[in-house]
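If you look up Swiss-Prot, you'll see 1-25 marked as signal peptide, on the strength of experimental evidence. Annotation source Swiss-Prot lists N-linked glycosylation site at Asn36, Asn51, Asn74, Asn152, Asn171, Asn260, Asn359, Asn440, Asn493, Asn610.
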Amino acid sequence: MVAFSALSGVSAVSLLLSLVQNAHGISLKVSTQGGNSSSPILYGFMFEDINHSGDGGIYGQMLQNPGLQGTAPNLTAWAAVGDATIAIDGDSPLTSAIPSTIKLNIADDATGAVGLTNEGYWGIPVDGSEFHSSFWIKGDYSGDITVRLVGNYTGTEYGSTTITHTSTADNFTQASVKFPTTKAPDGNVLYELTVDGSVAAGSSLNFGYLTLFGETYKSRENGLKPQLANVLDDMKGSFLRFPGGNNLEGNSAENRWKWNETIGDLCDRPGREGTWTYYNTDGLGLHEYFYWCEDLGLVPVLGVWDGFALESGGNTPLTGDALTPYIDDVLNELEYILGDTSTTYGAWRAANGQEEPWNLTMVEIGNEDMLGGGCESYAERFTAFYDAIHAAYPDLILIASTSEADCLPESMPEGSWVDYHDYSTPDGLVGQFNYFDNLNRSVPYFIGEYSRWEIDWPNMKGSVAEAVFMIGFERNSDVVKMAAYAPLLQLINSTQWTPDLIGYTQSPGDIFLSTSYYVQEMFSRNRGDTIKEVTSDSDFGPLYWVASSAGDSYYVKLANYGSETQDLTVSIPGTSTGKLTVLADSDPDAYNSDTQTLVTPSESTVQASNGTFTFSLPAWAVAVLAAN
């Protein structure tokens, strides 16, 4: 995680929001009586595998192209070592899901170590933890097998182990190894698997679905990278929407995300061509998403395919009777998640290692069906899926993938929600501040995706604009139930969308927290359960605010969307002390990236005089006053 540092262009005094006396400042008076309820799960995460945020990102498996998956397999990331060559072998399948394996052809006069290497996803992050590797091998061989992690350019070894293994040409056998490592200075590390060339000379060996894991979050098998999971945990989000997003839709009905192909052993998962230009291994599958929720204390929000592929791909949308097999598939998925072991799919879940049903309460039907030709048919499709799911699971909250009335049934079913997405310019987000004041309050809202766009990195102007937008929906969080910034994660080496909340490379600890990350963290970690009335002698703009309470604690969130300092008095009867957290920079274009960290929050303890706090808010600033 990036350490706190001084902000450029703002003095340390301003950073700490030094107390000032200014009779002409803006006055905010927070009522301690009454108020509207605020959703307890307001802030959370939207995740799909974009920007190698899953494979190569938060998913712990580090080898790229581990199983040569897909109908057009290739040797991306693989290379030969020593007196040998490698090739794709489609005649020695590992399983029906993994029809191709790597054939290692060893020279007749081979000596020394021969084998194969994998470069990972633009490197391998060796962090000094214990590593675990597994692989399948077929071919007549009895001898040493060595697994090493070695510097790509330096040859420095960061960890290794050697085992003795016997395999035959008849069947694949699996081997697993564990070994300690020392921390590498960067991600330029290769995975190397070798056999004794003098023993294997003149023969060939096949290798299938190789894996490499370091320590995982909460030691989950096939789990998450702790470095990224910890950063998310620091935000204290409340929910996780998965698996997308566009990556749920796919480019055709056949290419959609298929839940039943993401479960079981890794060698039984065929993977799929993802929507964001690269193949998904689906090692991060249905079980792993629910364990992610369990381990970070998140409410799962499951997206299901609803007969519409991205941009009407593959002759979708499907309607009428053509939807029946896909509705049945969703019902099977829900039985897998929620059914006890007396049910067909609940028993299958238990056989895959999860005896107890998961606690799923929310399902979203489709993704952005207002786009790409989906709107006209969505009312029919939503109703068909809603009716079937609600009949079988009446307690589930079902969410429409759009809030646009033209795409929805004339009357939404009681208890259903709608999903509102907003990617916009900074001024566009600020312009939406009042949008949520005027909602039909009988239909709850999920803001499933939002952020500033059309820039490489979140900057202060955009992050303050997002804060204004967030203040707008938090003021209305009796009807706005959940909201998530998107996209969440970004491997710097392979990016399909910017800006993103959190960036990283494969160098250990190389994580870049954006200005927008800090806004999300500040707002999520400081939440009340009741939104309080605030009276002021000023209109909204350029200063925006919202106040909430939880018991005797009060939270006032502020955003200064402008270039002038704002002097403030904030009155909260009965309070005496508070903590001020501020993110600010006088340059609206200031940003954090992989090459610089210019803007981080600062905190100070402040005292009230008769329940009144007096301070100044710098230009282009987001602040939270937590008082009691």
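Cβ atoms here come from the backbone N, Cα and C positions, even for glycine.
Keep in mind it's a predicted model, so treat the numbers as computed, not measured.
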Cα-nearest neighbour of Asn440 (N-linked glycosylation site) within the listed glycosylation sites, Asn36, Asn74, Asn171: Asn36
Integer Å distance between the CA atoms belonging to Asn493 (N-linked glycosylation site) and Asn51 (N-linked glycosylation site): 9
Cβ atoms near Asn171 (N-linked glycosylation site) (within 10 Å, other residues, all chains): 8
Asn36 (N-linked glycosylation site): secondary structure state under DSSP, collapsed to three categories: strand
Whole-number Å value for how far Asn171 (N-linked glycosylation site) lies from Asn610 (N-linked glycosylation site) (Cα to Cα): 80
Nearest-integer angstrom distance between the alpha carbons (Cα) of Asn152 (N-linked glycosylation site) and Asn36 (N-linked glycosylation site): 58
Euclidean distance between Cα atoms of Asn74 (N-linked glycosylation site) and Asn171 (N-linked glycosylation site), Å: 23
DSSP state at Asn260 (N-linked glycosylation site), helix/strand/coil: helix
By Cα-Cα distance, the member of glycosylation sites Asn74, Asn260, Asn359 nearest Asn36 (N-linked glycosylation site): Asn359
Among Asn440, Asn610 [glycosylation sites], residue with fewest other Cβ within 10 Å: Asn610
Same-chain residues at least 6 apart in sequence whose Cβ lies under 8 Å from Asn493 (N-linked glycosylation site): His52, Tyr121, Trp122, Gly123, Thr505, Gln506
Alpha-carbon spacing, Asn74 (N-linked glycosylation site) to Asn260 (N-linked glycosylation site), which is rounded to whole Å: 25
Residue, out of the glycosylation sites Asn36, Asn51, Asn74, Asn152, Asn359, whose Cβ gathers the largest set of other Cβ atoms within 10 Å: Asn51
Separation of alpha carbons, Asn260 (N-linked glycosylation site) and Asn359 (N-linked glycosylation site) (Å): 19
Distant-in-sequence Cβ neighbours of Asn260 (N-linked glycosylation site), under 8 Å, six or more positions away: Asp329, Asn332, Glu333, Tyr336
